[in-house]
Each structure stands twice: as structure tokens, then as C-alpha cells.
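According to TrEMBL, the protein carries these features:
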TRANSMEM  B:6-27  transmembrane segment
TRANSMEM  B:32-51  transmembrane segment
TRANSMEM  B:57-75  transmembrane segment
TRANSMEM  B:87-106  transmembrane segment
TRANSMEM  B:143-161  transmembrane segment
TRANSMEM  B:173-197  transmembrane segment
TRANSMEM  B:203-222  transmembrane segment
TRANSMEM  B:229-249  transmembrane segment
TRANSMEM  B:255-273  transmembrane segment
Amino acid sequence: MTHLSLSDPIAVTDNNAMAMPLQVTGLTVAYHKKPVVQDVSFTLAPGRLIGLIGPNGAGKSTLLKASLGLVPSIAGDVKVYGKTYQQHRKKIGYVPQRESVDWDFPTNALDVVLMGTYGRLGWFRRPGKHEHETAMECLRKVGMADYAQRQISQLSGGQQQRIFLARALAQQAQLYLMDEPFAGVDATTEKAIISLLEQLKAEGKTVLVVHHDLSTVEAYFDDVLLLNRTLIGVGAVKDIFNADMLQQTYGGKMAVLQGKEGIVLAGK
Amino acid sequence: MSSDFWIILTACLMSAACGLLGCFLILRKMALIGDAISHAVLPGIAIAFLLSGTRDSLAMMIGATALGLLAVFLIQWLQNSGIQSDASIGIIFTALFAIGVIIISLNARNIDLDLDCVLFGEIAYVQWDTWTANGIDMGPRSVWMLGSALLIILLLLALFYKQFKISAFDPAMAVACGIPVMLFHYLLMGMVSMTSVASFESVGAILVVGMLIIPASTAYLLTDRLGRMLMYSVLTGVVSSIIGYYTAYILNASIAGSIVTVAGILFGIAFVFSPKHGVLIRRLRQRRSQGTAIAE
Amino acid sequence: MWNTIGALILDPNVRWIIVGCMLLGLSSGVIGSFMVLRKQSLIGDALAHAALPGICIAFMLSGVKSTGGFFIGALVAGVLATFGIRWITQYSRIKQDAAMGIILSFFFGVGVLLLTHIQHSGDGGQSGLDKYLFGQAASMMQSDVYVLAGISLLMIVICVALFRLFKLISFDPGFAKGMGLPVAFLEQLLLLLTVIIVVAGIQAVGVVLMSALLITPAIAARFWTDRLHIMVMVSGIFGALSGLIGTLWSGMVSQLPTGPVTVLAATVFFAISALCAPRRGWLAKLWSRKQTKEQWQRQGGISHE
């Protein structure tokens, strides 16, 4: 099996793959007897925005969680900057799906963002003045500074998503894994998120985003991973994001229409 | 010291310890795990009694706390093997409680612990059950047990507040940042077990549950900050203890039952009148928003 | 030991009690299957605890220990408790589990308050009220057994008659509503049946452990089958056998309450099922997981489909 690499623009050989932000080899996750993610291998290059695309139930979230060790894998290997994720946890920022937490939790927006700094604080230190400043700065970056003292259940879905992103920023990571940050958000939030992603990229950080909306893939991302239980394709958007590959990814369930506006999927 | 003082002190220590832990239990949606633990420590207490033959607090505390943790572990195990979470809780705590009752019934002569006490506790007698060290009377044993439990809880929560908080809010993210979530989970469960054991003799198994869940829920309706929620929870617990004690005196009834009843009534008041999340304010807000909608 | 059992079975009083407990186990196993599938396992626990103040108030009002009066008191308290849980979850941000904990312990607290008040006010007739905490089947009169048997039979008849409807609302209430079925009514009915069986069971098993009779046999049965009607039957059988073992064992040993022994018997059935059931059992799963892993390793992690 060939090892697929997101090598553009830097040519990657096995030697300098050591320094790559994320290198996944032969990753397989199974619930009961069924493999949900099967034998997935890829490498992410630094300074890129990568979309993780695939139909519902393709194992996108599972792949993300398995990369972080949140769900056990039965085979395969994950390297973050050449080391195991346990050794490099502080270099990873994770944005879970918005529905995964209870927004009735008694806390405010600033406090949630502060949680992003907990990983760096170690066992006993409490977040202090410096951490508060970092958190406020991150809130400002997502345009939520005015809502710092707001109880989190009083925020709209899009605002909650931005809080989650601000928290990931507060982690000051090198590699970001985001689980559907665009799901169910308003246009303002979508714009805020995408400009943030661009900024992260400009800082040389790597962002892997689980994404649903195929019409925006070409506008938002540099590279794509096409996943449907197995990895269908990986590479630069301009090379592999085409009707043919999408047909393979989404199977017979969808008709792929390619027009001037980009790619549209129509249910059959 | 008068007996009033010792009883009220015991009740207040118990409700403070339960109130702090209860907040984390309800935020982690584990209220019923608390229920399960408080029942599951019974066989531990019975076995410790049987082995040591005395009310040696330390042995009992350790044995029963271990059993509480075992219950949590078994429940987790059943859940992981695909059984619904509430059914797992139901199976494990009834089984362990049944074992406890059977041990006590079969050894009624050797165990100085009757079944009524298991359910209601004997808080009225705390004053007479004193701890003697080197021949010196150190005061009621329950006060020492609950006091040290409360101290341990305060210490652990103060040291690891941020870890407990993030594990409650977003455990997946906590794991991803390298916080040992399972360790803090079992630490919390260990504290709940320890508090259940320490409270057991004074208020009994089921009323421990009440003090774990009810004041914390009352506080949850009153504030939107975790720190304040912890404070309010302890406060309502202490107030329930004091009012409950005097109510029991007037009605000539169980003090423990009376404390939980008062806690329940306070919850009812918060449920209706809370300025943040009460039923009344919700209604009012709804009507106002309807009013503006019509006006527009 | 067999002689003792023989003697117990020959005793007509004991025989009645055994029949009563077996019927109780059977019907709670049947109802419990639906409750478990509807993910309401612990409702039974809340209802059983809630029954205590009902029983006490019935005693305070009537001044006598009468099964009928207790039954009505417990029924009213149980229905109030279900409303309480619904109100709390509906009108505040408190979640289901905490709401159940609140109602369960509050009602029980009130029950304890009343119970001790009755005991301390000390008139002779009150003794035996505390039997309701852990259950003492031996204290059942023949008339109690008749009532229990009647209720159990009624439950089973209703469940058989409405089996298809209960199945639908347990599996997919949204779909059932779409079909124009009176889902809300059926859900209430199922809850009412649960209240009735819980109240009926308290005298034999006790307040604290009644929930086990609803949950444990049903979960044990779930391991053996994927078909609902088989699950309901197996669960009923486990329940009935637990009732039989519980009554016999507690009858042989003095001072042993029936409830805990019955629950322990049910737990043993559960443990056996969880370990040994084919396909869903723990051993079977361990085996299949090992095979999957080996299969992957043999293939070198590359699929050949």
C-alpha cells in the first residue's frame, strides 16, 4: 500500500516526515466487529488548512478522536511532530462538536476560554492575570470580547462555536483538530471562523477540519482528506477534489454535479 | 456541651461535605451514581463491623470507601459492555445493598447496627458515641469522621479545582489536553464514598442521597457560576440542617428525615421563586416577550 | 436442607406466599422489560421510595393497617412522584437523573419523618410498618396474597392484550404518534402499571430493593435474545424464579428478610446471563473481539474485501 502524503509544496521523504505535524499510519478503529475507520494512513504538512470530507457515518469524528487517543484503535500508529500524542499533547488543540457538552453548565464565556490554558498550567497552578489576558485576547480574535461575562447558555449556537474556537486558540497549539466547527452556525460566525483559520495558517499552524458543506471546500481549504471508512483520497484540493473522487467517496447515494459555481451534490 | 450543639454540628458538617460533592455529581449527570454509592457502602460497613468487631472508624472508612469505588467500577464496566447506564446503576446498587442487609440480618447478634439505623441513621445519639484517645474523651466520633471527610474534600477541591471543573464540563477536551480525567473521576467517586460512609451512621443511606442532590440542585437554580453554586449548596444544606433539627424536635420524629424534608421544601421554593431560573420568572419573561411581539 | 424445603412447600400458608411472590416476580419482570427498553429503569426505584409517605399518611388517616388503604396511599404518592419528576425536568434546567434523585429522597425523607412520628407517638398498632422497608413476605396474610395474585394476573393480561402497542411505544414513540396511536395515554398507562406493581411488591421485597425486580430480570433476559416477546417471557421467568428462591431461602433462615434474598437471586441470574449468554455474553464478546484483532493482524492491517 502506498503512503499518501500531503506533500505539496514541500517534498516529503520518510526522513523529514519526522517533523510533520500529524502522521497517521494504518489506523483502524472498530466498534464491536465492525471497523468504523479502516487502515487509514496520511501525513499533514505544516501551514495548511485541510478539510476532512465524507458522508455521514464515514468515521470522520472517530478518525479525529482516535488521532487524539480519545477512542481506542485496534491497529495503527499516530505521530504528532514525530512523537506520540501523549508526549506532544500541548501542541494539539482540539475543538469538539458543540453538542458534546452541556451548555447549561454554570460558567461564563471567559471561563470556558480560560480552560484552554489549563493544559499548560500543570497540576497545581491556577489561571492568573497572564492567562486572563490571553483568554481575553482570544475572545477578541473571534469577535466575542463583549460577551466575556455572559452565561454560556445565553449565547447563540454560532457564538458558542466561536467560544470553542477561542478556547482552542488559548491552547496556543501548533496543530488544530476541529470537529464540524461550521455545523449550524450563522453567516457572521462562518466568516469569523474562516478568517481565523487563515490567520492560523499564516502563523504556520496546521488545521484539520471535519467539514460537511461541499460547496465551500474549494474556497476554504488547501488540501482535502476524502474518507468513507477507508481513505478514498488525499491531496491538494485542485488535484483531487473532483466529481470522480467524490463519486467514489459518497458512493451511489449521491449524484455529483460539477458546475461553474463548484461542486454540488444531489441526493438520488 | 449540649446535645443540641453536637447534633447540629454533625448535621452541618455532613451537609457541607455532601453539598460540595453534590454540585459536581449533578453537573456530571451522575446524581444517581451518588445514590448507588450511598447504598453500596452498606456491605463494606457490615463486613468491617464483622471483621473488627468494633466501630473502629478507620477500618470501616477504608473498607466501605473501597466498596463504593468497587460499585462505581462495576457500573462503569456494565455500561462499557453495552447496558444502559441507569439500568447498570439499578442492578449494582440493589445487589450490593441486598448483600449488606443479608450480612447484617444473619449476624444480628454480632453486629451492633440495626436495620432501621441503616435507613434513618442515629444522629440523635451522636453525643453518646464518643471517641476516646489515650483515655481522654475527644468528643463525638461522628464529628471527627465528618470533620476529617470535609477537610479532605476542601483540600482536594482547592488544589484541583480547575481539573474537577474541566472534567465536569468537557471531559473529551480535558483528556485531549492531558488531564488525567479518569483519575479525577475516581477521586470524586472516592470522596463521595467516603462521605457516604461518614454520614451513614448519622443520617442513613437514602438520606445521604438527599443531601448530595437536593441542596446542589437548589444552588444550580440560583446561580450561573460554579464557585457560587458550591457556596449556595453548602449554605442551603446548613440551613436545612438547622431548621430540620428543630422541626424534628417539634414533631417528635427522625432528625434525618426532617432535614431532608426541609431541604426538599427549600428546593421547591427555589424552583418557583428563583430570580434566575424559577418558574415564576420564566412565566413572566414569556408573557413579556409575547407582549412585545404583539406590540410590534 | 431438602427436608426443610419440602416441609416449607407442604405448609399451605407458605405455599400461598410462594405463589404470591412468584406471581409478583413474573409480572414485575414483564413490566420491567418495557420500562428498561424505554430507558426508564430507575423510575421504579423513585416510585418505590415515594410510596413510603403514602403508606404512612394512609395509616395516619385510617389508624389501621389495611392493605387496601396502604395501596391507595402508595398509589397516590407514586403518581405524585411521577408528576414531580416531569415538572422538575420540564420547568427547570435540572436534568432527569437529578430530578429523580430529588423526588426519591425528598419523598423518602417525608416518609421517614412520618414513620418515626407515628412510632414515637406510640400506639400499639403501628408495629410492622417498618416491614415495608425491607419486605417480609412471611408477614403477608392470605388476603394479601389474594390481592397480590389478582394484581399480578391483571398486569399480565393487560400486557399480553396490549403487547403490540407497548412494543411500538417502547421502540419508537415518534413513529407510534405518527400512526395516530394515543402514545401519551399508553405511556401513562405503562407508568400506572409500574406504580401498581411497585406498590404491590413493597410488602414482599421492600421499598429499597423493589426496583431490582423491575430492572435486573429484564436486563438479564436481554442478553439471551433480540426478540421482544421472548425477552418479556424470559424476564418473567427469571423474576418468578427469583421470587421462589427468595421466599424459600428467607423462610428457612430466621431473621432473613425476603427482599434482599430475592434481589440477590435475580442478580445471580443476571451475572450468569452476562457472562455466559451466547453472542451477547461477556465471554462470547471477549472471544469475538480477540478473533477480530487476530484477523486484522493476520492481514497485516490491510483489508481484503
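Heads up, the Cβ atoms here are built off N, Cα and C, so glycines get one too.
With Cβ pairs under 8 Å as the measure, the transmembrane segment (B:173-197) is packed most heavily against B:57-75, out of B:57-75, B:87-106, B:143-161. Long-range contacts of the transmembrane segment (B:203-222) within the same chain: residues 11, 14-15, 18-19, 21-23, 25-27, 31, 34-35, 38-39, 41-42, 97, 117-121, 123, 192, 195-196, 228-237, 240, 256-257, 259-260, 263-264, 266-267, 270-271, 274-278, each at least 6 residues beyond the stretch ends and with a Cβ under 8 Å from a Cβ of the stretch. Below 8 A, the CB atoms of the transmembrane segment (B:255-273) and the transmembrane segment (B:87-106) form no more than two pairs separated by six or more positions in the chain, fewer than 3 in all.
A Cβ distance under 8 Å defines the sequence-distant neighbours of the transmembrane segment (B:229-249), meaning residues of its chain 6+ beyond its ends; these are 4, 7-8, 11-12, 14-16, 18-20, 22-23, 157, 211, 214-216, 218-220, 222-223, 255, 257-263, 266. Contacts between the transmembrane segment (B:32-51) and the transmembrane segment (B:87-106): present, as 3 or more C-beta pairs lie under 8 angstroms, all at sequence separation of six or more.
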